[in-house]
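> Below, the features straight out of TrEMBL:
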- 29-63: repeat 'PPR' (REPEAT)
- 91-125: repeat 'PPR' (REPEAT)
- 161-195: repeat 'PPR' (REPEAT)
- 293-327: repeat 'PPR' (REPEAT)
- 394-428: repeat 'PPR' (REPEAT)
- 464-498: repeat 'PPR' (REPEAT)
- 596-630: repeat 'PPR' (REPEAT)
């Protein structure tokens, strides 16, 4: 009965049986009393165990061993050692109880010390002894001590024992010596599921996930069965290599093996699904689990947070808090990440309060997640306060505060924190340099960037793909594309990130042909582009109007099933519009499964640039009906459309609605559009008044727009004022002289025309020749004003003369103002 009660941990029935034994006057044997002691020890009631032991008139070795084991189990190693020292006779079980007691209570050195006493005392050692002492070697992180124990194992002939062999291979695997672990496994004459389990777990711990999965398959062919730990290891392998197919098969395997309701196996399974991106399956499994523990909650919350589904993650975190299960640093850190993904500042503040209340705010992982959250929601003050209050900071903490300031455009503080990090004797890693180089790129601080480049080279990270890509991006944004190209060519391993950096870099400095050459080379060497690559190259096609290449990339996008990507879809809409294919642009827009404000902007801008103002405004109205919030770029395109149609009142309405309805402060581009609108309607004085009322200084585009309007209205006096202001900003601006010269000519002021031409000759200013190009059958044809280099130039000029005559007969008057503004703002609109 006492043995059964021990197995069931049934303390109350056991006590009643003990009382019955006393009441009836039964005189138990030593064996029965030992069973009673073991029952109380197993149930954790050492007080009654001691009472029974003290009342025993006769004790044997089992009685003493039970008490040593009991005290060791509750962590009272002083009493355990005292009992052990009192023993007149000891066996290997006595010694093993003491060694394992020290091990389980974290006294690894003393565990090894007792083992050495055993060796000196000539005690007969069994496999359990070696299993325990090898774990103690792991606790001490002493690989060489483990090797010495291995030598003792071989000398004593225990290397053929399955228990000792399993402990040995586990020790080697956990010491990151997987090769030696596999060797021990292969030399074992007999293997059981413990041996296989230890090796599979070792493969996972050493990052050999495919090997672990293959070993599991071999194990099943041996017919050795499965366990919780084996399933956990294999599911972790599937998660880390994103092997959803094998993971799904394993899920079926667990159901067949009747592990479907096991909480440990279930947690490992849903963790695998979430890490493989199958959150719907993970959630189904979570909901079907008969019981939930903290680990199962953590797995699903972390999964949602990593997939940027912050709302679902926070919902489950609230459910965890209400369940009565205590959350830990993993669940709290994931909740902060969820707040970051949804820009949930107030939710993050509530979690911060909860962290303080639970005392977990002192945990470095939680504090780092908090730092990251405040940085991503733009609360730099709170981010700094968290950082300042941290008792201990690790490299992740420094990276988080540096990234927070870089992401919020505070490049100066980003660089300042790098200096503080170095003064704290913490060496930057690739993530630190990535953020700092972005800050240098944002400020176009070439000198700082070059200094950091030198430090990177000294640290040995110069050829790292991540850091190298950041360096390439920095040099490109500082307009040093030659340096960027050299760096790219020197990189040993070029990831798609590295290729994206150089392609987008050349695109950024308007060297689209070079960007396309790099893209072609990328394809030649077999690198698979991602959505960012395709979007960047499509942008270069838009800049060069190379429609054939654009169509080929569109075909590749469809083949790769990337057309649903909102970023690529927006770029395709923009590319077709800029190449003049508005029908295809509209088709892409209509087919888009998801549209963000960039997609809407591209469509509105496309129509506006092609003079299809009515269509542009219709799209804008539809955008408002869909409750998509417009941004600054939207209003640039909308106001441009109003200018084309001469809609003064409507333009003014949209202009003032920016601040009143959408809290958007008008920028220079919007004022430029309004000056165009007012000027076209003859309200030149109102246009000048608007310039003077602007909250910032007018730039060259503003004055050039006003100057063009003056030509249209024949207003010489205001034209002179606009030209003077324009030349103050840029004395070398030939367009100002040419426009003013034309205005004087229209007014018949030929003396003034002559003066301007003399000034231009004296200063060496020349009118920049106009340039246009067209792509036909994959061949680019380029033309300059007065160009006669084309082999078919005579036919071209004959056709131009015919077109000019037809236009004159129809009364066409060229729209100079729109031309000037469109050239200056087209790229700005697309980028915004």
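Note that Cβ sites are derived from N, Cα and C of the backbone, with glycine treated the same way.
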> Please count the residues of the repeat 'PPR' (91-125) that DSSP assigns to helix (H, G, I), strand (E, B) and coil.
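The repeat 'PPR' (91-125) comes out at 27 helix, 0 strand, 8 coil.
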> Report, as numbers and ranges, which residues of the same chain sit near the repeat 'PPR' (464-498): CB under 8 Å and 6 or more residues beyond its ends.
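Contacts of the repeat 'PPR' (464-498) (Cβ under 8 Å, skipping residues fewer than 6 from its ends): 430, 433-434, 437-438, 440-442, 444-446, 449, 453, 456, 504-506, 508-509, 511, 514, 527-530, 533.
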> Same chain, outside the repeat 'PPR' (161-195) by at least 6, Cβ under 8 Å from its Cβ: which residues?
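Hits for the repeat 'PPR' (161-195): 127-128, 130-131, 134-135, 137-138, 143, 146, 150, 153, 201-203, 205-206, 208, 219, 222, 224-227, 230.
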> As a test of reading the model: what is the averaged pLDDT for the repeat 'PPR' (394-428)?
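A mean pLDDT of 91 is what the model gives the repeat 'PPR' (394-428).
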> Mind tallying the repeat 'PPR' (293-327) by DSSP state, helix then strand then coil?
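Across the repeat 'PPR' (293-327), DSSP assigns the residues as follows: 27 helix, 0 strand, 8 coil.
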> What are the helix, strand and coil residue counts for the repeat 'PPR' (29-63) according to DSSP?
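Here the numbers are 26 helix, 0 strand, 9 coil.
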> Within the repeat 'PPR' (394-428), count helix residues (DSSP H, G, I), strand residues (E, B) and coil residues, in that order.
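Across the repeat 'PPR' (394-428), DSSP assigns the residues as follows: 26 helix, 0 strand, 9 coil.
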